[in-house]
Amino acid sequence: MLQNVTPHNKLPGEGNAGLLGLGPEAAAPGKRIRKPSLLYEGFESPTMASVPALQLTPANPPPPEVSNPKKPGRVTNQLQYLHKVVMKALWKHQFAWPFRQPVDAVKLGLPDYHKIIKQPMDMGTIKRRLENNYYWAASECMQDFNTMFTNCYIYNKPTDDIVLMAQTLEKIFLQKVASMPQEEQELVVTIPKNSHKKGAKLAALQGSVTSAHQVPAVSSVSHTALYTPPPEIPTTVLNIPHPSVISSPLLKSLHSAGPPLLAVTAAPPAQPLAKKKGVKRKADTTTPTPTAILAPGSPASPPGSLEPKAARLPPMRRESGRPIKPPRKDLPDSQQQHQSSKKGKLSEQLKHCNGILKELLSKKHAAYAWPFYKPVDASALGLHDYHDIIKHPMDLSTVKRKMENRDYRDAQEFAADVRLMFSNCYKYNPPDHDVVAMARKLQDVFEFRYAKMPDEPLEPGPLPVSTAMPPGLAKSSSESSSEESSSESSSEEEEEEDEEDEEEEESESSDSEEERAHRLAELQEQLRAVHEQLAALSQGPISKPKRKREKKEKKKKRKAEKHRGRAGADEDDKGPRAPRPPQPKKSKKASGSGGGSAALGPSGFGPSGGSGTKLPKKATKTAPPALPTGYDSEEEEESRPMSYDEKRQLSLDINKLPGEKLGRVVHIIQAREPSLRDSNPEEIEIDFETLKPSTLRELERYVLSCLRKKPRKPYTIKKPVGKTKEELALEKKRELEKRLQDVSGQLNSTKKPPKKANEKTESSSAQQVAVSRLSASSSSSDSSSSSSSSSSSDTSDSDSG
């Protein structure tokens, strides 16, 4: 029994031993114990085996770092320009979407991408590096841009769309970099008070998000604080439209929730996690899809409202937190803003030049003017031989600075600098280069506007000669005219009267407005400079003045002979013409300030302030004196402006023309001056300061052609007695008009002197008639003699007669 039991129990004993020995055998490896675990593992193996099978494909390497506490960074004007201007322009371009995030070789099925491209780079990484102050110098950032474009050209075929897109972006990049500040300067950074709180919120938001596709997160949007945040938001960037401007309520809600987290692209927000689809490089670029980031823990706000905030917030926050904005001065768009200078006003020609400069810097011409906005940065553009070839660089910003600093004395210096800029471009670049074509286009704009330069810089602000000319200058001009007269004493009296009138007018203007006096002083200095230039230019042909002097002397001799021959005939006419002299009083009322006093300046300015030489209806009856001495028929260029003496002489000569000739004068003025075409030809007032130089020259030629024929008549045909009497009476009328004007102008609103002058005229008319022809000839020989000089010469001649 026991034997049976024992052998029988051995079998179970073995099994029991095995079961009882489970503990000891578990410590040692045994097949039985591991089989269940192997079966269990085998049961799960189909699911687990799929994971390493998917991981056999090459994984994307970690993206480039966007912040490094060990690597020093800083904020410079060039880096800020690259961030605010260059990156902003590239980011919103329609071809920028493939470059906004690192290349996902797994999703795009590019297994060899990271074998060929050893240093990946994208605009999102560059942008985040700029936001995190990762770069020490702008050259590092520019190198990243170049790496990104070079990677695209290396990996893709030249005919691929992505290559054309990269070329377009690179061209825009180079255009913007050309306008970058030339010298790199570090900027002072101010740290906002609440930056730590925002950083804590950002860390909390970032820590609550997990992702299978880890990318570095963006630090706080405050431009100054650097953070190394924990894991980030998994997002996929899609095409987005250009974000609109953020309203203030949205900004407030965003600030209360903390800064939004951005993808590797930093500005364009991405879809929620539910929509994770890769974007291939050659996707449709015409239908952008606006998406937004829904950050866990942030308040519930519409995705559409978060999207523009995420895209626009960093630059807006930086601008609001940074009162100093040096790069704004370097932007091409801000170059049009005219900064008022405190260094005095520009002349008329330089104002025109300043307008040309503004147009060259305007957005209208920016497409082909941008290479000339800033000095050529030879080191940044790799033009190592530029300064060897171009000895005098020039650009529009330098021209603008010189204009604001009043470094240009005249328009010629301004034009020389602009043309130097274009010639430098033509000299350095080959003729078929794009920048040469742009330079030619911009130069066409410049030359077209420069050709419209005002002929006379002082014409737009006409001034009465008595106030505009300083006494010394007026005196010198009067002396030059007195040298041409036949009577020295009469010319001295004329100068004294001129100076008295000028002093009266100057005192009135200075008492009325001090600013106007200051302006007049400036214009007087400019006028002196112009006269000096004209004198220097006109001294080229020296032979002509000598001829004029010889002709003057000959004509003086002829006049003297005429005086002797006519003396007897004048006395015969004394009786019949005695009752006629009182008429000038009526004639003066009809003609106003017309007739023009020889002592009152080139355009017949009266002391009372009336400017202009009137050609009234009654003045058409006046007969002219003979040709004035000292003014010969010298041909002048139409464009050359008239001097003070020439205008004065022309005013006197027009008053000498007979009635039948004045119609032609009016016709010339109306034909050449559009503003006077509708005026009444019966009575037209001429202001020589407003007439074009070409009009004045045409009038001068016509007047000279009329007066040149007069001296020849006495030699060929003797005038009958009747004609001589008519000429005598009209000449006397003209002299009395001059005298009345002088007296009324000096006393200015007093009526007694004109009456005295009339009484004196009536009392001495009998004596003056006898010698009127002699006075007429003397007045014709002295074109600039005044009324007082005429009357004095008349009385002296009557005494001698």
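Glycine residues also receive a Cβ, built from the backbone N, Cα and C atoms like all the rest.
The N-acetylmethionine feature in Swiss-Prot is assigned to M1.
If you look up Swiss-Prot, you'll see T6 marked as phosphothreonine.
Swiss-Prot lists S37 (among others) with the feature phosphoserine.
Mean per-residue pLDDT, taken over the domain 'Bromo 1' (74-180), amounts to 92. The domain 'Bromo 1' annotation in Swiss-Prot covers 74-180.
The protein binding site annotation in Swiss-Prot covers D112, Y155, N156, K157, D160, D161 and is backed by experimental evidence. Close to D112 (protein binding site) in the fold, though at least 6 residues off in sequence, lies no residue with a CB less than 8 Å from its CB. In this structure, D112 (protein binding site) belongs to neither helix nor strand by DSSP; it is coil.
Positions annotated as compositional bias 'Low complexity' by Swiss-Prot: 285-298 (among others).
Look at Swiss-Prot and you will find S298 (among others) tagged as phosphoserine, backed by a large-scale study or a structure entry.
For S301 (among others), the entry in Swiss-Prot reads phosphoserine.
Summarising the annotation, Swiss-Prot assigns phosphoserine to S305 (among others).
Marked as compositional bias 'Basic and acidic residues' by Swiss-Prot: 316-332.
What Swiss-Prot records for 592-612 is compositional bias 'Gly residues'.
Here the domain 'NET' (632-714) has, by DSSP, the following mix of helix, strand and coil residues: 52 helix, 3 strand, 28 coil. Feature annotation from Swiss-Prot assigns domain 'NET' to 632-714.
As annotated by Swiss-Prot, phosphoserine applies to S633 (among others).
The compositional bias 'Low complexity' annotation in Swiss-Prot covers 763-795 (among others).
Under the three-state DSSP scheme, K157 (protein binding site) falls in the coil class. Taking a C-beta cut-off of under 8 angstroms and a sequence separation of 6 or more, N156 (protein binding site) has the following same-chain neighbours: I162, V163. With a 10 A radius on its CB, D161 (protein binding site) counts 14 other CB atoms from all the protein chains.
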